[in-house]
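Asker: The following block contains the structure, expressed as structure tokens.
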């Protein structure tokens, strides 16, 4: 198999990278009806598998779970989750031949083995579904020509997919049809019905492509969503302790600071996040973010280049073949860092204190979000896709750090995201070492001193913040998400 994207000519690559259309709500007037009365078999019962299945069943669909024989015989976690929730469970051989739609929600590294097992069992004219297109785009999996291949990719962890559905809402979602596998022209109808069954149509759906979803998803998770948060956590903790801050206080300021800061980002974009600062602090955060963007731009561009070329995927798949040696080594090293092993401060940190004493963290968020967005757009990805893969998902990832630090983040995200996160953070930490020595009092751990502010400078900074392209597209897309619940848990 060959990387699918690399088999396309330049015109085809650009067309698929740039495929992105925000779908009108009336396009989902039929809800999940196209799949009602049909058999949907989900392979895998992890966070996405279970929670999408629960939503789809509650939307009136016939859902069952196909698991490996040994998972059933040994009553593994996937079997327990499916059976405890009242789902029919069977082997591939028992369930797949009757399925109208087989949804592959196993981890990326298992996709080829799963497809190799289920494809011969699928009936003529059935459909195969994914929630991430890595197997199709990067691995270049070849699917039988009579099979329709679709994708429904919720832009949230599986737990959020379920919680928002239970509230009568949903999470923003990308849908796509693989152009090489739509023999009956029904791919879009299947994808729309599946998205509606999960509740995604209530929060906004983008019609995308497998290529655009994969390339933007990889870029977001490697840089701002995971890599920047990990690098920032390690750098900021070490700096605070070096300056004499109690390690326990420093740990709490960072662990819960990302979440508190990005909750403002979720509600009102970079503009609201920056507006939570005093005027002198806002000017300083803006200046720091501009410095960070200049330093980190080549690193962001390298990650995008390696994603576009397939270099990243090739390296990661080589590590898969080597029993995840690099991934497991990096995971162990991260677990031994001073930030991960520090005790936690017992006292309370107020919400505003996280902003006032986290100016550098705010600058890192602003710089990382804007750089990820700009780099994706410069590579041909449409602004709406770039927004969802940068700013939108950041509060959700920050929330995992608030639960159990970097360990929890790396457990919750996919192995693909974790591998890319380590590549970025291992490069970013030394890259910013010299910058960290230039920090001033008030940048981190202490509030910026009050002082005179130049009105013209403040006016220009406010205009620069609000006029960035991500603020414009974000204002529009957040309009569809006003009902999403607040997720921050910091105390």
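Any Cβ shown, glycine's included, is placed from N, Cα and C.
Pulled these from Swiss-Prot:
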{"type": "DOMAIN", "residues": "15-208", "note": "domain 'KARI N-terminal Rossmann'"}
{"type": "BINDING", "residues": "45, 46, 47, 48, 68, 76, 78, 108, 109, 110, 158", "note": "NADP(+) binding site"}
{"type": "ACT_SITE", "residues": "132", "note": "active site"}
{"type": "DOMAIN", "residues": "209-344", "note": "domain 'KARI C-terminal knotted 1'"}
{"type": "BINDING", "residues": "217, 389, 393", "note": "Mg(2+) 2 binding site"}
{"type": "BINDING", "residues": "217, 221", "note": "Mg(2+) 1 binding site"}
{"type": "DOMAIN", "residues": "345-484", "note": "domain 'KARI C-terminal knotted 2'"}
{"type": "BINDING", "residues": "414", "note": "substrate binding site"}
Asker: So how many other Cβ atoms are close to residue 158 (NADP(+) binding site), meaning within 10 Å of its Cβ?
Answerer: 22
Asker: Do any of 47, 68, 78, 158, 221, 414 (binding-site residues) have a CA within 10 A of residue 393 (Mg(2+) 2 binding site), and if so which?
Answerer: 221
Asker: Which of the three DSSP-derived classes (helix, strand, coil) applies to residue 132 (active site)?
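Answerer: The three-state answer is coil.
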Asker: Within 8 Å of the Cβ centre of 217, 389, 393, which other residues of the chain have their Cβ, at the recorded Mg(2+) 2 site?
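Answerer: Near the Mg(2+) 2 site, beyond 217, 389, 393, sit 155, 216, 219, 220, 221, 225, 388, 390, 392.
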Asker: For the recorded positions listed here, 68, 109, 132, which shows the highest count of neighbouring CB atoms within 10 A?
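Answerer: Per the Cβ count, the most surrounded site is 132.
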Asker: Sorted by position, what residues of the same chain at least six away from residue 389 (Mg(2+) 2 binding site) have a C-beta under 8 A from it?
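Answerer: Expected: 155, 216, 217, 219, 220, 221, 225, 372, 376.
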Asker: For the binding-site residues 45, 47, work out the Cβ neighbour count at 10 Å and name the residue with the minimum.
Answerer: 47
Asker: Looking only at the domain 'KARI C-terminal knotted 2' (345-484), report the model's average pLDDT.
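Answerer: Averaged over the domain 'KARI C-terminal knotted 2' (345-484), the predicted model reaches a pLDDT of 95.
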Asker: Determine the minimum-neighbour residue: among 78, 414, listed as binding-site residues, which Cβ has the fewest other Cβ atoms within 10 angstroms?
Answerer: 414
Asker: If one measures from the C-alpha of residue 158 (NADP(+) binding site) to the C-alpha of the residue listed as 'substrate binding site', what distance in angstrom results, rounded to a whole number?
Answerer: 12
